[in-house]
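Student: If you scroll down you'll find the structure; I have some questions about it.
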Amino acid sequence: MAGGGFVVGDGQKTYPGKLTPFVLFTCVVAAMGGLIFGYDIGISGGVTSMPSFLRRFFPSVYRKQQEDATTNQYCQYDSPTLTLFTSSLYLAALISSLVASTVTRKFGRRLSMLFGGILFCAGALINGFAKHVWMLIVGRILLGFGIGFANQLEKVIFGQYLLVVKLNDSVPLYLSEMAPYKYRGALNIGFQLSITIGILVAEVLNYFFAKIKGGWGWRLSLGGAVVPALIITLGSLVLPDTPNSMIERGKHEKAKTKLRRIRGVDDVSQEFDDLVAASKESQSIEHPWTNLLRRKYRPHLTMAIMIPFFQQLTGINVIMFYAPVLFNTIGFTTDASLMSAVVTGSVNVAATLVSIYGVDKWGRRFLFLEGGTQMLICQAVVAACIGAKFGVDGTPGELPKWYAIVVVTFICIYVAGFAWSWGPLGWLVPSEIFPLEIRSAAQSITVSVNMIFTFIIAQIFLTMLCHLKFGLFLVFAFFVIVMSIFVYIFLPETKGIPIEEMGQVWRSHWYWSRFVEDGEYGNGLEMGKSSSNQGTKHV
């Protein structure tokens, strides 16, 4: 049984359920949305380090890299058009899904995944057959539209003055709603694992496609994105909607039947009644965006903004987007830079498996803090190594073999620290802490912030590397210190708590309890209950 429980007052409340093959299947297929995302992250950095690709689409960068021996090593890839090729996808994802949110509300989350897969197929094919830079950009924008349909998005008015974008990441939310709470962390990180696998597959393909004679291997790299797109497209055809989504659309009997199948037991009355109660309360709230500003949701709003903000400022996308470019910048040959990216991608996958194993045993806070410490040390060492070799002038040259091994080793340790902490937990924790009545709005903010800063970092990284040199790694190290302090002080532990009962972690927190009073937390499960369980503890 996927049992367990938590103390509420003097009693114990446990939802029965098994970790059924049905749950595993649906979570694996749904998490393939991450494979699309990961493949795109890994593929862009690889092709932008291929000489044949640069010569055709970015000749100014090619000349600096191949022909000008006096070029500052830090600045050889500094090109706004080149960075736009990478970053345009994320801006498109942020803007695209005005229609997707409407489709999701009416027809469910899996249809958004289906549309996302179709659009991603179109973008991948355009990129694979591109003959001009504008075709690359259009293809990337279509890829962003595809991601936008997997991350439904609509424009709303936030309060009276602030216009924002609502972006609801359907896959992590789907996984959090489908998984039994005892295994929620591990199953949700399946989404992050699929991202890391997508990155690794892209890096391996880049390495071998770069060796194709004639210099057209980049077409296979970009066009190969159609494969994960087909996986999510075909997979979405067999995915069920979550009971939460069915209840929200009034299909109660179907939702109860689906819940029985998901949990693998006949008696799901208690959990079903709680879900219905939560849904009724959420539907009674007409302005979730305005309500998100209410005092009792202050902790949720804070986490919805700060966790994705900090996740992007770990500097990981510097490694994942531009790994081959970065390794080439610090003196690796093209083949060596692509192979080093494969090594870091392999470490990324392995470390994510560690997180799957430990997240529901060791807890979220432990992984956040340990990973932050690990990343901080590695960023300082890498900055020192690059600074010692190239200084502030960026004098061109190749690294000695032993020196290169040291740099790659510490970058791998850094990637491992991220992959079992801020990588998966940056998606997991926001998806599990929001009560149903603000879940859509709060999760929308989370992914909006994530996409905004993903775009910003992707767009300005190469320019920042040119101007800040090795000091760029110290900038990210500073933010790692800040985010670790934030987690230590403000983030409560959420492992083992059903998402419908998450209010207790805020009421028992030393700081957030002043905002979330007993009986006020609106999660649809405590309506009419007394406020006699002050100081709730969970097990």
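Every residue, even glycine, has its Cβ placed from backbone N, Cα and C.
Note that TrEMBL annotation is computational and uncurated.
The model shown is predicted, which means the values in this text are computed figures rather than measured ones.
According to TrEMBL, the protein has these features:
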{"type": "DOMAIN", "residues": "26-495", "note": "domain 'Major facilitator superfamily (MFS) profile'"}
{"type": "TRANSMEM", "residues": "22-43", "note": "transmembrane segment"}
{"type": "TRANSMEM", "residues": "82-100", "note": "transmembrane segment"}
{"type": "TRANSMEM", "residues": "107-126", "note": "transmembrane segment"}
{"type": "TRANSMEM", "residues": "132-150", "note": "transmembrane segment"}
{"type": "TRANSMEM", "residues": "186-210", "note": "transmembrane segment"}
{"type": "TRANSMEM", "residues": "216-239", "note": "transmembrane segment"}
{"type": "TRANSMEM", "residues": "301-325", "note": "transmembrane segment"}
{"type": "TRANSMEM", "residues": "337-359", "note": "transmembrane segment"}
{"type": "TRANSMEM", "residues": "366-390", "note": "transmembrane segment"}
{"type": "TRANSMEM", "residues": "402-429", "note": "transmembrane segment"}
{"type": "TRANSMEM", "residues": "441-464", "note": "transmembrane segment"}
{"type": "TRANSMEM", "residues": "470-491", "note": "transmembrane segment"}
Student: Suppose I define contact as three or more CB-CB distances under 8 A, residues 6 or more apart in sequence; do the transmembrane segment (216-239) and the transmembrane segment (301-325) meet it?
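Tutor: Counting Cβ pairs under 8 Å (6 or more apart in sequence), the transmembrane segment (216-239) does not reach the transmembrane segment (301-325), since there are fewer than 3.
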Student: Of the listed stretches 366-390, 402-429, 441-464, 470-491, which one has the most C-beta pairs under 8 A with the transmembrane segment (337-359)?
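Tutor: Looking at each of 366-390, 402-429, 441-464, 470-491 in turn, the most contacts to the transmembrane segment (337-359) are made by 402-429.
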Student: Among 107-126, 301-325, 366-390, 402-429, which stretch has the highest count of C-beta pairs below 8 Å with the transmembrane segment (186-210)?
Tutor: 402-429
Student: Against the transmembrane segment (470-491), which of these stretches has the most C-beta pairs under 8 Å: 107-126, 301-325, 366-390, 441-464?
Tutor: 366-390
Student: Looking only at the domain 'Major facilitator superfamily (MFS) profile' (26-495), report the model's average pLDDT.
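Tutor: Within the domain 'Major facilitator superfamily (MFS) profile' (26-495), the model's average pLDDT equals 80.
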